[in-house]
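Everything on this sheet refers to the single structure shown next.
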Amino acid sequence: MENKPELVLILDYGSQYTHLITRRIRSLSILSLCLSGTCSLEDITAKNPRVVILSGGPHSVHSPDAPAFPAGFLEWALSNSVYVLGICYGLQLMVQKLGGVVKVGEKQEYGRMEILVEGSSGIFGNKKVGHHQVVWMSHGDEAVVLPDGFEVVARSQQGAVAAVENREKRLFGLQYHPEVTHSPEGMETLRYFLFDVCGVNAGWKLENVLDEEVKCIKDTVGLEDHVICALSGGVDSTVAATLVHKAIGDRLHCVFVDNGLLRYKERERVMDTFEKDLHLPVTCVDATDQFLSKLKGVIDPETKRKIIGKEFICIFDAFAHDLEQKLGKKPAYLVQGTLYPDVIESCPPPGTGRTHSHTIKSHHNVGGLPKDMKLKLIEPLKLLFKDEVRQLGRILNVPEQFLKRHPFPGPGLAVRVLGDVTEGNSLDILRQVDEIFIQSIKEAGLYDLIWQAFAVFLPVRSVGVQGDQRTHSHVVALRAVTSQDGMTADWYYFEHKFLDDVARKICNTVRGVNRVVQDITSKPPSTIEWE
């Protein structure tokens, strides 16, 4: 029997790069998970990590409400031979808690900086003293007096502490972000630290995840239990359904909900593919009127998401009731294709004082679920990122055309029509514009180069001239981004001729549109979706 993969646990103190550390470590075939930086010691010890990384964050250790690891954490790490690496805020927190001194830096350091290695052992054991490297700094405070047993192993050009370590106690700290591409040697440093300093074994594979999830589903779902799976036609729900089907076979019952917020001919295309390619028995429920009547007059995006989430659950409950009549037994579980970014983004960031989901995303599939939901959840993908789900799909022989589909939000076009989705013919206009945009991308051979592309209906009108007449029509936006996992994204640079052709085709064929704009914002500061 194979040894269980060793875990690197990230304690999250609110850095925008925390999720990136998780991904970078997984790319080394090491299992990495993220917990709130203010979780209990029991939460940490239950995970039995080999290494704990304290993330960066926007806080100062001098703030009265500065988030911190639980009492006894460092003592537990020492007595259990656990390695600890503090990054930026994490370094300062560790230094302060161990009796060192952290002060507001005389010269605050942000952006690319050069550092000089002063100690060629420990975390820089593969570097020579005097080695220079460019790193990404982002800090105002700095460690000025180190705790007993610590030494400085790198400094910035300005003389500030850039890296510290106490090798005897297995405590290390970096004042910069090794996980970002702006630190060119950062991944090499992380790799050396994890493999050579900590001795972590690279034993984590997606095949392990598949076997574990199948076993978990079999152990969770009773031999007589039935399961409903909500299929959207996207990558996540399709891979989730295939995985659950592998575990329990025909006791899985799939349902596809047409909520009136789907893309152009999506219902026909998806149902055809489910039946011909995946051979999954799927019931299609047309709930267009039910959704749109509840969304009438609703403008706030968060309210839209919660209404949609609630209606979905109502439909699943009703579907389960109908299935109960046929089977003589009520289905017990509902499968959702929740991914790890959805789980992370639905956790409260430390230091905010909030104990509930913060509002980057409600209902993608986590938020907005009623407390009295009668179906228990199965979320087999909840520890995976999108690119890992695609890899898992290939292992499961899911058709490539499904795996390459761009992500589509759970609330559908409701978050791509800004404002009231029922006003006028905004949904029909958006469907036509989106279809032209996506088909043009496919015809140009660009679809697989882009993480996500879509159109957005804006709640404004503009003056135009069409057919020698002045018009006062709608404005639509085009959005296309590249990304590895959806946590960060850059806008895709189209050739001008491509954009010109698409804009002309939209204005000439979609009645009611006289202006097309392009969204050229990255994530951050924007999200990928507009709402």
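For all residues, glycine too, the Cβ spot is worked out from N, Cα and C.
All TrEMBL annotations are machine predictions without curation.
Not measured: the values here are computed from a predicted model.
The domain 'GMPS ATP-PPase' feature in TrEMBL is assigned to 204-405. The feature ATP binding site is assigned by TrEMBL to S232, G233, G234, V235, D236, S237, T238.
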Same-chain residues at least 6 apart in sequence whose Cβ lies under 8 Å from T238 (ATP binding site): L231, L278, G337, G393, V398, F402
Sparsest-packed among the binding-site residues, when each Cβ's other Cβ atoms within 10 Å are tallied, from S232, S237: S232
Within the predicted model, mean pLDDT of the domain 'GMPS ATP-PPase' (204-405): 82
Residues satisfying Cβ distance under 8 Å from V235 (ATP binding site), sequence separation of at least 6: G337, K386, V389, R390, G393, F402, L403, R405, P407
In the chain carrying D236 (ATP binding site), residues 6 or more apart in sequence that have Cβ under 8 angstroms from it: G337, T338, L339, L381, K386, V389, P407
